[in-house]
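Undergrad: Sharing a structure here in structure tokens format.
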Amino acid sequence: MDGGASYNPRTVEEVFRDFKGRRAGMIKALTTDVEEFYQQCDPEKENLCLYGFPSEQWEVNLPAEEVPPELPEPALGINFARDGMQEKDWLSLVAVHSDAWLLSVSFYFGSRFGFDKADRKRLFNMINDLPTVFEVVTGTAKKQVKEKSSVSNHSSNKTKSNSKRGSESQGKFSKVMQAKDEDGEGLDEEDEEEHGETLCGACGENYASDEFWICCDICEKWFHGKCVKITPARAEHIKQYKCPSCSNKRARP
């Protein structure tokens, strides 16, 4: 298990890019790939860890054998707690430990390559501008965004945005189609500002005006179409969209 040890970022930008890649992989494991992640964390197996890689991939595996390890190690034995608590609480616990590991890896690189006070502060600020894994997994990030504007304003903007991209008959199905209408006009300032604060429930990134987004009718989280493998053409034929997490929810033994 190399945990990405062969790749050594040396600048603030490179370390941040490494952080974003690992973070995206772990968020994927805990959201869009949650069913597969759950199955891999078998309590009957030995101590397991969740690893995120700069390539935005994730892996559940045994910890590194070498002591001390090349990189800081994630929380050990996450599989043992899986069946002893509710799934959402277990995922939240793994998310918290994932945030701690991501920070430790980034600042390990910072220490190893001699980042000074200004570099460390800049790295932290770049990291801090992103929602934590815990905030994305629990939906806290979305709640924080909602607090910035009133519920009524949010609803009216959402309705206005949806009406520009679909017919009224698609009522319950809340989705954002291509940011630019067929006539070439973009979103108005009010819509773009409102959606600009929205975060993808899969990768945690902000809304971008040139991307296709879709909203889950169950949990009401927004997702990049590419993150949940939904195209605008396919979305037109979906009456009620369920994100991967809501689709996979079922009673656990």
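Glycine residues also receive a Cβ, built from the backbone N, Cα and C atoms like all the rest.
Keep in mind it's a predicted model, so treat the numbers as computed, not measured.
As annotated in TrEMBL:
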REGION    145-192  region 'Disordered'
COMPBIAS  150-160  compositional bias 'Low complexity'
COMPBIAS  182-192  compositional bias 'Acidic residues'
DOMAIN    197-249  domain 'PHD-type'
Undergrad: Per DSSP, what is the helix/strand/coil residue tally across the domain 'PHD-type' (197-249)?
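TA: Reading the DSSP string over the domain 'PHD-type' (197-249) gives 9 helix, 9 strand, 35 coil.
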Undergrad: Averaged over the domain 'PHD-type' (197-249), what pLDDT does the prediction give?
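TA: Mean pLDDT, the domain 'PHD-type' (197-249): 81.
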